[in-house]
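**Q** Please find one structure pasted underneath; my questions will follow.
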Amino acid sequence: MSKTPSYEDATACQAALFEWAESYDLKDWNRLSKCIAPTLQIDYRAVFGQFWEAMPADEFVGMISSPGFLGNPLIKTQHFVGMTRWTQTSEDSVTGRHQMRVAHQKYADAQMKEVVLKGHGHGGATTWFRKVDGDWKFAGIEPEIRWAEFDLDKIFAE
């Protein structure tokens, strides 16, 4: 099965995608935990060379919210999602293909006045969604960085 999902299913997946992006940018880990599937496929090979075929939700939230990643209070992000193409791959699975721009800034201290690093990724992402107990949940991501501005590779380096 490979078809365009119904309007209702596509907008429900879009809502889950919005919650995912907003939770990252607002560092709202409780919000993140509510919009994700119990297990996720995380293909971060383009980001830091790692792939997880079936990462449990609590491990995913722990990784994302860690001080070495988005949990660093000195790092601000905006995960901007552009145009999307949706494909329904089964009754309870939808794949999204998105244009993406992800901006990152790292600040010198908690006053958030002096930017010490900038790094912005441009490209796309494939995302997966799974229907869980009647609700569409974010179930994974594979970013594709086509090009970067500034020092994206240094944002999460210690």
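Glycine is treated like the rest: Cβ placed from N, Cα and C.
Note that the structure is a prediction, hence the values are computed from the model and not measured.
From Swiss-Prot, for reference:
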ACT_SITE  HIS79  active site
ACT_SITE  HIS104  active site
BINDING   TYR24, TYR44  substrate binding site
**Q** Just checking: which of TYR24, TYR44, HIS104 have a Cα that is within 10 Å of the Cα of HIS79 (active site), counting only these recorded positions?
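**A** For HIS79 (active site), the recorded positions whose Cα atoms are within 10 Å come to TYR24, HIS104.
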**Q** Counting every protein chain present, what is the number of Cβ atoms, excluding its own, within 10 Å of the Cβ of HIS104 (active site)?
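**A** For HIS104 (active site), the 10 Å Cβ neighbour count is 23.
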**Q** Measuring Cα to Cα, tell me the gap between HIS104 (active site) and TYR44 (substrate binding site) in whole angstrom.
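**A** If we compare the Cα positions of HIS104 (active site) and TYR44 (substrate binding site), the gap is 17 Å.
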**Q** Counting Cβ atoms within 10 Å of each candidate's own Cβ, which of the binding-site residues TYR24, TYR44 comes out highest?
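**A** That would be TYR24, with the highest Cβ count within 10 Å.
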**Q** In which DSSP state, out of helix, strand and coil, do we find TYR44 (substrate binding site)?
**A** strand
**Q** For HIS79 (active site), list the number of other Cβ atoms lying within 10 Å of its Cβ atom.
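**A** Step by step: centre on the Cβ of HIS79 (active site), count other Cβ atoms within 10 Å, giving 22.
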